[in-house]
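Enquirer: Pasting a structure here, questions to come.
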Amino acid sequence: MDVHEYQAKELLASFGVAVPKGAVAFSPDQAVYAATELGGSFWAVKAQIHAGARGKAGGIKLCRTYNEVRDAARDLLGKRLVTLQTGPEGKPVQRVYVETADPFERELYLGYVLDRKAERVRVIASQRGGMDIEEIAAKEPEALIQVVVEPAVGLQQFQAREIAFQLGLNIKQVSAAVKTIMNAYRAFRDCDGTMLEINPLVVTKDDRVLALDAKMSFDDNALFRRRNIADMHDPSQGDPREAQAAEHNLSYIGLEGEIGCIVNGAGLAMATMDMIKHAGGEPANFLDVGGGASPDRVATAFRLVLSDRNVKAILVNIFAGINRCDWVAEGVVKAAREVKIDVPLIVRLAGTNVDEGKKILAESGLDLITADTLTEAARKAVEACHGAKH
């Protein structure tokens with residue numbers, strides 16, 4: 001789960017990470033009120049969306065007067081901000097963060113990620129923070145400072161000092177940076193984070209170290225014990241189909257292809273997507289109906305897939321163990337009767353009660369394409385998709 005910048009900063013501040021003063025606003029008038037309460041004469045008005053690269057997309061505006069603050073908020077609120085990380089559809093801006101724009105001398109980068117290959121937390125830092133860090137990481141990986149954390153002991157002070165010195169800081173700045181690095185790690189660890197990015201981490205003229213921006217993501221599987229974080233969820237920033245799927249205990253992730261997938265089991269779902277790609281097609285989604293899928297759940301899965309207007313064909317691939325092929329077949333028939341399926345439907349069933357499932361489909365009178373193997377099913381789905389486009 002992702003959170004907004006201001007929410008990430010509230011969490012970081014609670015762990016002792018220094019952040020600029022700021023306040024969230026949902027209207028231009030609230031933005032002006034926030035600026036007056038914060039004081040000063042220079043503010044940043046930041047669009048709050050679950051994506052980075054806002055600066056290059058015009059999502060961060062610097063203001064020197066209250067009128068400029070009002071105009072900036074009015075320009076951002078209610079719009080869809082398109083950045084390099086949002087895709088062409090963008091993300092809706094329903095709130096802005098008004099922050100004191102303190103002058104600074106240097107921009108650094110600090111990040112924490114779960115390195116799944118190493119099975120460790122990896123701390124990443126760089127002297128070259130700011131908007132171009134992605135390009136720097138891709139073209140000049142040697143510019144990144146990387147430290148792997150041993151989970152039995154956690155991030156150590158000597159590792160934080162090593163990072164701080166490699167960032168080229170003076171003695172006074174090193175002390176502040178070490179505190180920031182250690183406290184940010186505690187926030188990442190204690191909140192079940194999967195990603196924390198502070199970009200930029202700035203150094204001011206008086207040697208303070210501030211988190212000028214922050215992005216945090218959290219492990220969905222741990223939210224049951226992090227209710228304060230779960231309550232930060234903003235459904236407007238996600239795919240509404242994913243939220244609907246979660247309500248029915250379905251795992252759904254929308255993609256940009258044209259072949260909808262309804263599969264049981266995450267591994268089989270990924271294999272199905274791979275086979276579609278291998279056959280020359282593009283999957284429109286990842287959808288795992290899980291074990292023990294009832295006819296109602298399968299019908300819901302169809303409604304989710306068909307809500308994507310890009311879908312030109314649907315591939316149902318079920319290997320029934322805990323599940324039952326006859327239940328899935330009943331769900332397919334139920335969906336066809338309740339939802340207009342106007343795209344080719346390819347079905348491959350195997351496992352428990354497969355003969356009963358095939359019989360239900362055969363007697364349903366549905367216009368569908370059957371397959372006995374995954375390779376055959378993927379090939380037929382791609383052929384049907386291409387035929388539907390012509």
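Glycine too: its Cβ is placed from the backbone N, Cα and C atoms.
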Enquirer: Record says GLU99, ASP102, GLU107 bind ATP. Source is Swiss-Prot. Which of LYS46, LYS56, LYS172 does it list for that same site?
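Expert: My reading of Swiss-Prot gives LYS46 as the candidate in that site.
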Enquirer: Whose Cβ lies within 8 Å of the mean position of the Cβ atoms of LYS46, GLU99, ASP102, GLU107, the ATP site, other than those residues?
Expert: PRO20, ALA44, THR100, ALA101, VAL202, LEU210, LEU212, ASP213
Enquirer: Name the one residue among GLU99, ASP102, GLU107 whose Cα is closest in three-dimensional space to that of ASN199 (Mg(2+) binding site); these are the binding-site residues.
Expert: GLU107
Enquirer: So what sits near LYS46 (ATP binding site) in its own chain, CB-to-CB under 8 Å and at least six residues off in sequence?
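Expert: For LYS46 (ATP binding site), the qualifying residues are GLU5, ARG54, GLY59, ILE60, LYS61, VAL96, TYR97, VAL98, GLU99.
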Enquirer: May I ask which residues of the same chain, at least 6 positions away in sequence, place their Cβ under 8 angstroms from the Cβ of ASP213 (Mg(2+) binding site)?
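Expert: Set apart from ASP213 (Mg(2+) binding site) by at least 6 residues yet with Cβ under 8 Å, we have GLU5, ILE198, ASN199, PRO200.
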Enquirer: For GLU107 (ATP binding site), what residues in its own chain, 6 or more apart in sequence, show a Cβ-Cβ distance under 8 Å?
Expert: ARG128, GLY129, GLY130, PRO200, LEU201, VAL202, LEU212
Enquirer: List nothing but the one residue from GLU99, ASP102 whose Cβ has the fewest other Cβ atoms within 10 Å; the candidates are the binding-site residues.
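Expert: Comparing Cβ neighbours within 10 Å for the binding-site residues GLU99, ASP102, ASP102 has the fewest.
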